[in-house]
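**Student:** Quick one: the structure is below, questions incoming.
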Amino acid sequence: MDAFGDYVWPRATSELILLPVTGLECVGDRLLAGEGPDLLVYNLDLGGHLRMVKRVQNLLGHFLIHGFRVRPEPKGDLDSEAMIAVFGSKGLKVVKVSWGQSHLRELWRSGLWNMSDWIWDVRWIEGNVAVALGHNSVVLYDPVIGCMLQDVPCTDRCTLSSACLVGDTWKELTIVAGAVSNELLIWYPATALTDNKPVAPDRRVSGHVGVIFSMSYLESKGLLATASEDRSVRLWKVGDLRVPGGRVQNIGHCFGHSARVWQVKLLENYLISAGEDCVCLVWSHEGEILQAFRGHRGRGIRAIATHERQAWVVTGGDDSGIRLWHLAGRGYPGLGVSSLSFKSPSRPGALKAVTLAGSWRVLAVTDVGSLYLYDLEVKSWEQLLEDNRFRSYCLLEAAPGPEGFGLCALANGEGLVKVVPINTPTAAVEQKLFQGKVHSLSWALRGYEELLLLASGPGGVIACLEISAAPTGKAIFVKERCRYLLPPSKQRWHTCSAFLPPGDFLVCGDRRGSVMLFPVRPCLFKKPGAGSKAITAAEAPGAGSGSGGSESVPTGIGPVSTLHSLHGKQGVTSVTCHGGYLYSTGRDSSYFQLFVHGGHLQPVLRQKACRGMNWVAGLRMVPDGSMVILGFHANEFVVWSPRSHEKLHIVNCGGGHRSWAFSDTEAAMAFTYLKDGEVMLYRALGGCIRPNVILREGLHGREITCVKRVGTVTLGPEFEVPNLEHPDSLEPGSEGPGLIDIVITGSEDTTVCVLALPTTTGSAHALTSVCNHISSVRALAVWAVGTPGGPQDTRPGLTAQVVSAGGRAEIHCFSVMVTPDASTPSRLACHVMHLSSHRLDEYWDRQRNKHKMIKVDPETRYMSLAICELDNDRPGLGPGPLVAAACSDGAVRLFLLQDSGRILHLLAESFHHKRCVLKVHSFTHEAPNQRRRLILCSAATDGSLAFWDLTTAMDKGSTTLELPAHPGLPYQMGTPSMTVQAHSCGVNSLHTLPTPEGHHLVASGSEDGSLHVFTLAVKMPEPEEADGEAELVPQLCVLEEYSVPCAHAAHVTGVKILSPKLMVSASIDQRLTFWRLGQGEPTFMNSTVYHVPDVADMDCWPVSPEFGHRCALAGQGLEVYNWYD
């Protein structure tokens, strides 16, 4: 298939690549990063702007960049110009650049040198370049002339897994080669007697029991570090490697990684290693782990670089992320865990509870009823009071706020509550609230205006106490405001509380896992039909007289809104209000985002904490606008950042079942707990956050399986969409309106990510991610795309409903709203609300007669989704589209979405294909004076296509849907309207397009690399042709049919008909190919090689006449192409 000269249009060009970062190097205050064949340059001058300066596209052609080597300058000045050798795979190129603080200019570039072997290392030798190749040979190359000067092999021509070149001249050049035999071979290329004469190894070093992946030599100390497949790092004393015959001694064997170690770097005082476990470890030269950097996701950290002067470590991962970390001695160090030495003969009794009043005062109570204070500035214990009534059972809680407002509360097993001013404990005020045990205490603070203390007693009664201070500040007043009543449950007490801004409602969580909304002032809350009943204190179960005498206090106010068992049976651990939303955490390893609308609680999104954190204890908002999650992972207390996916603090405390407390301010964070009868304290200066910088956000930790464009947001010039390029280097006309494409991706890492892709910047911003799936996400579908304010609203923004599906027969529906926000780097804010979900095994478990049915395979996977929007006036089904799913168990299933996606119901299914269904696609047929018809096409692993008439099937009274064999099961779809045997094996891509003649073009791509294109005609019989009362069923037939057997060299995973005359296809052979249609068999026009391996999905869309079309390719990374009409 030769290209016709007249049809070179369109030509696709790459504008964005998100691939694993495989090369990093610090040059002065700049960072060079290799992503695929592209070179990224960052400015690391923290006094200026920390951002990308330049992206040099396609520098190494089709090779991936694995490293950079900068030519040493005689004066050591690399601040203005640098000569850089860029290498990777089998390619090498030398580039001379001139750079400043905010620009980079390419002065000269050599040709691409294609080697016949893999390049493991490159070193500058007196203006030339020495290259270590994959079969143990060294080549000397002149980059200016572009010719090879020397080619010296070793006598041992084994395959290498790594290499390191040492020396500044050809005479002293030394190569340390890591052979696949797990040995280090040290030899000297200059000792060859004649050209191309093999050189025998000078030394062989063994010790590792796996392949050696990386090595680093520190000349000043004569040390060599090696990283291996055996998950260890070894340190060798080698002396001066340039001198033959030296002794090699193993002086360190470091085990700390849980998987293979990819990279190692030796510094004067540290050893840095990174591996497949996504952890970067900092070691001392004695083999002690000093720091551990965790944050990357996926299959490992592929590249590391260091900046010794600034004490920085830079890591690049498989998730396309680049992070900068501070070595010990920089930033805000942790002070570690220390014992506060409570045990003393002068302090009798055993500790019962501990809490924090601010970050520098610790309160503790003993089993003899004594309350003690420890001041971190004074560093001594002080007894505040002793009360024998609190000796057998005592609860202790300090008021929230920076310094606890100087208040704490005690409660005992006889219904007594005492509020104690910490500075003046003699002014304590007590009230007897109940006749029985006080189960829990919690504080609720509204700014500096209102402070409430909630105490749970018998029978689910919560006493709400209002705390106020005298004008002199030396006395406090405690007044019972009201009483609330919890819903019935076995363990009927509240666990946490918070004010809901502006302060009309109080949010509480209970031990049963429910979240409830109570009115703060019940006397002012008048809601007709609410059903809340107010009773007096004398009527309340277990109620007794308080300090107010026999005054009747209204009590028993029930919640105005309840989310029952939101966190399961283990209980709610915290509730927090921030940014107009309510966040709740629980011991079900998750946290919920909620909001209140019309006095009712509504869940927005459920998020999972880090793996292993089953007890989520709370969350905190940090100054940069993000949040951190507090929780327990086995016997460790963990502070985890959802934004950076990093465990910021880890304290081995023994678990969350002991008494503990946490407090944080901008100056410091503190965590105290009881262990072995002592009060232990962990403090870290600088608050919860750690001083690391995310140069670029990671995308997904595993392969991207699906990509779908949602829509476009247009931002005006007032939002100033940031550009990666310097303004001087922008092309004319590219400074137009800020068009930003919103794209969603699904991945094997079980997450769905919402991306913003500006058309003018060549960048990508991860707006948010959804983590509701328990297995991989395989398919996405979008419907109901609109604007936040409706069709009449001209303000920028985007709303859409998204359906995601994948492994474990799980499907989720959620809504996405994107609005302008000038405070974010992307200038956009994204809000996601989870609407509904469905799992086949859960659906089966709910059936009454399930013992009579065959259970659905829980390992069923949804392979593809299609939205089928029927007519709104159809009877019987109500408003909402259908979602068609291709299933691995051989079924085509139809789900009905109702109530704007809040109800997801399995309606019908068919096992017509009897094998794995790979693709589904829906399209509509419209003809003059005829009813709009909705047709579904499904494709299976045998290469067959089936077409279903959904309009007829969904009509009321239609006989197309067969009744199920048992009540509660879905309907049966019957037989399809037409089948076509398009391929000899599985169909991985499918698309249709209506033609001007009223027909439909159907294109499919197969696993054998073939394409199949045919024209489908839909004909409706005349009413007089129908037999009696028979339904008018459309007749489908194929008019023209063409096949291209060898369109690609591998699976065709994406096909899109752009117009009746143009089609584009993508394959695992990494070629994006354009085909000419309309003149018989599809004709090859041109092809572009892309850099994403194992492409699984493709989506194309028109942007505008000025920006043409865009195409997103998803696989082991993401790449965006564009072409112009």
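Placed from the backbone N, Cα and C atoms, the Cβ positions cover glycine too.
Swiss-Prot lists M1 with the feature N-acetylmethionine, giving similarity to another entry as the kind of evidence. What Swiss-Prot records for 53-97 is repeat 'WD 1'. The repeat 'WD 5' annotation in Swiss-Prot covers 247-285. The feature repeat 'WD 7' is assigned by Swiss-Prot to 335-376. Annotation source Swiss-Prot lists repeat 'WD 9' at 425-470. Feature annotation from Swiss-Prot assigns repeat 'WD 10' to 476-520. What Swiss-Prot lists as repeat 'WD 11' is 559-598. What Swiss-Prot lists as repeat 'WD 12' is 604-642. For 645-684, the entry in Swiss-Prot reads repeat 'WD 13'. Annotation source Swiss-Prot lists repeat 'WD 14' at 739-785. Residues annotated as repeat 'WD 15' in Swiss-Prot: 848-897. The annotation repeat 'WD 17' is assigned in Swiss-Prot to 974-1016. Feature annotation from Swiss-Prot assigns repeat 'WD 18' to 1040-1077.
Situate these features within the shown structure.
**Tutor:** Broken down with DSSP, the repeat 'WD 1' (53-97) shows 0 helix, 23 strand, 22 coil.
Per-residue pLDDT, averaged across the repeat 'WD 5' (247-285), gives 94.
Only residues 6 or more beyond the boundaries of the repeat 'WD 7' (335-376), in the same chain, are considered here, and those with a CB under 8 A from a CB of the stretch are 382-392, 394-399, 401-404, 406, 408, 410, 420, 422, 425, 651-652, 659-665, 667-670, 672-674, 677-685.
Under DSSP, the residues of the repeat 'WD 10' (476-520) split into helix, strand and coil as follows: 0 helix, 28 strand, 17 coil.
DSSP assignment over the repeat 'WD 12' (604-642) gives 0 helix, 25 strand, 14 coil.
For the repeat 'WD 17' (974-1016), the list of distant contacts is 910, 912, 916, 918-921, 923, 925-927, 935, 937-949, 953, 960-962, 1033-1057, 1059-1060, 1063, 1065, 1067, 1069, 1075, 1077, 1082, 1098: same-chain residues at least six beyond its ends, Cβ to Cβ under 8 Å.
For the repeat 'WD 18' (1040-1077), the DSSP-based tally of helix, strand and coil residues reads 0 helix, 25 strand, 13 coil.
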**Student:** On the DSSP side of things, how many residues of the repeat 'WD 14' (739-785) fall into helix, strand and coil, could you say?
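**Tutor:** Output for the repeat 'WD 14' (739-785) reads 0 helix, 31 strand, 16 coil.
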**Student:** When the repeat 'WD 11' (559-598) is classified with DSSP, how many of its residues are helical, how many are strand and how many are coil?
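**Tutor:** The counts are 0 helix, 24 strand, 16 coil.
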**Student:** Could you give the residue numbers and ranges of same-chain residues that sit at least 6 residues beyond the repeat 'WD 12' (604-642) on either side and whose C-beta is under 8 angstroms from one of its C-beta atoms?
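**Tutor:** Residues 295, 573-574, 576, 578, 581, 583, 585-595, 648-656, 660, 662, 664, 666, 669, 671, 673, 682, 687-689, 770-772, 814, 823, 831-834.
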**Student:** Hey, which bits of the same chain come close to the repeat 'WD 5' (247-285), Cβ under 8 Å, at least six residues off its ends?
**Tutor:** 184, 186, 203, 205, 207, 210, 213-218, 220-221, 223-229, 231-239, 291-306, 308, 313, 315, 317, 325, 327-328, 701
**Student:** For the repeat 'WD 11' (559-598), could you work out the same-chain residues 6 or more beyond its ends whose Cβ comes under 8 Å from its Cβ atoms?
**Tutor:** 484, 486-487, 491, 495-501, 505, 507-519, 525, 527, 530, 532, 604-609, 613-621, 627, 629, 631
**Student:** By Cβ distance under 8 Å, which residues at least 6 away from the ends of the repeat 'WD 1' (53-97) in the same chain are close to it?
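**Tutor:** Long-range Cβ neighbours of the repeat 'WD 1' (53-97): 14, 19, 22-23, 25, 27-30, 32, 34-43, 103-119, 121-124, 127, 129, 131, 141, 143, 168, 724-726, 762, 1089, 1091.
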**Student:** Mind checking how the repeat 'WD 9' (425-470) divides into helix, strand and coil residues in DSSP?
**Tutor:** 6 helix, 28 strand, 12 coil
